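Here the structure comes first, spelled out in structure tokens, and everything after it is commentary.
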Amino acid sequence: MTPPKLRASLSPSLLLLLSGCLLAAARREKGAASNVAEPVPGPTGGSSGRFLSPEQHACSWQLLLPAPEAAAGSELALRCQSPDGARHQCAYRGHPERCAAYAARRAHFWKQVLGGLRKKRRPCHDPAPLQARLCAGKKGHGAELRLVPRASPPARPTVAGFAGESKPRARNRGRTRERASGPAAGTPPPQSAPPKENPSERKTNEGKRKAALVPNEERPMGTGPDPDGLDGNAELTETYCAEKWHSLCNFFVNFWNG
């Protein structure tokens, strides 16, 4: 067993050692927290809350304030859900410390900012800045909070890894479809219908055809053409002239018929 004098000498040293360890741990925690944005008490004593916009958008907000050494300003993060179920996320950022009255009346500043936020019909789509009446005018220049533009989603890579190759592929598909829907290779083109004739043209053509067919029908088969009408003159001579006047009569008949 240790004597009573030794116990009395060890107790103060143990207390000092424990207190030193506690102080070192507290300093470490404070240093780690200085690099991360910490919640700031809002007008109702909390760092977050909920509200309903005039167009029935259910929104929740969270207020974050960076460390004094950080260059980024304060951020008011929002998450809203529209009546049709669509969800939106956005944030308002600014530097309220540029207002001279912010350090002394910080809670009043955020109360006025949140009041202006609740009046917006669509908080995540209204680009109007949020400004407290406490810091209106030149004394609060740069202290307003502005809507952060939302980043567009990255383009989806194609199979080959290049987004520009998707359009030519779509064009080639359209051409193959046109070829498939067109006439098959090797098939003759459809014959065009003959042009329609007018009734007057039909009658003229039919008359010409009949005139061309009549001489062929009246001419007996096996007989050739009758050049200069000599056969007809001979028949007239034999019919109307006697044998002794046959040559003279034939001469006059040929002369008359010319």
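Residue numbers in this text run from 1 along the chain shown.
For all residues, glycine too, the Cβ spot is worked out from N, Cα and C.
Here Cys80 is paired by Swiss-Prot through a disulfide bond, and of Cys21, Cys59, Cys135 its partner is Cys59. Candidates considered were Cys99, Cys124; Swiss-Prot assigns the disulfide partner of Cys90 as Cys124. Note: the Cα of Cys90 (disulfide bond) and the Cα of Cys80 (disulfide bond) are spaced 9 Å from each other. It is 10 Å from the Cα atom of Cys59 (disulfide bond) to that of Cys124 (disulfide bond). According to DSSP, Cys124 (disulfide bond) sits in a coil region rather than a helix or strand.
The most densely surrounded of the disulfide-bonded residues Cys124, Cys249, judged by C-beta neighbours within 10 angstroms, is Cys124. Each of the disulfide-bonded residues Cys80, Cys90 was scored by how many other Cβ atoms lie within 10 Å of its Cβ, and the smallest score goes to Cys90.
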